[in-house]
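What follows is a set of notes on a single structure, which appears directly below.
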Amino acid sequence: MFVVESICVAWFTLEFVLRFINAQSKLAFARGPLNIIDAIAILPYYVSLVVDVRDRSQEDVIMGAGRGYLDKLSLILRLLRALRILYVMRLARHSLGLQTLGLTMQRSMREFGLLLLFVCVAVTLFSPLVHLAESELAPFASSHPHHSFSSIPASYWWAIISMTTVGYGDMVPRSIPGQIVALTSILSGILIMAFPATSIFHTFSRSYQELKQEYERLWKEERDEEIAAESEESWTKVDLPADGVTPATNQGDDGVTSGNARQSTLPSTAF
């Protein structure tokens, strides 16, 4: 695995350096989100090499109490190696779907903010209600061995998974009032999730169509350039005369070349 990783990182590093050298604006290149992700994904490999070499050089010197420093370095090393998952983000450079997703999230920040606001308001509403229903209105429920609604903050988790209709089942209301609150939170969660979802869907559809048209336009321009280059090359080969041979022209009595003779490469006749 180390050899495969080394080859992949070397390839990615070479590509990153070449793109940086060919970039017209180095500052704009450094600010690009995908370029930042590439750098974050590549750097941990080289940092891990340096840390490994340093660990091996100090392993015989630092023993006993000094191992705490190496343990911290190894923890940082493991965290940096976890960033290798960012290699997947490189697919966004060549994937229309991932680019559409990123553009949709960028354009729908307001809708996501509203969704987060709605969820926070609903959580702060239903968490005290379910805690009140399970602890105060139904005292027998609090004595249940699986009672989990011990406090309002502990009920936040239940409110979130209920509103998103996930329902892990780790926290379940046992009383009738608690079940009524649960039913209300589930229905409210469905409505809250549906409100901004329509706008986000339209934004996704519009972004997909725009990117698709842009891809088609770029492909058509590249194809037209290739066809134009091939046509120009073929016409250049046809129009080039043979070495030492000049096309014959038909001149009149006044020495002026006729138009037909200029346009034709056939030899002139006596007529």
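Yeah, the Cβs are placed from backbone N, Cα and C, and that goes for glycine too.
Looking at the stretches 17-35, 150-168, 226-244, the one that TrEMBL records under the feature transmembrane segment is 150-168. If you look at the transmembrane segment (180-204), the same-chain residues 6 or more away from its ends with a CB under 8 A from one of its CBs are 100-101, 104, 107-108, 111-112, 114-115, 118-119, 122, 126, 129-130, 133, 159, 162-165, 173.
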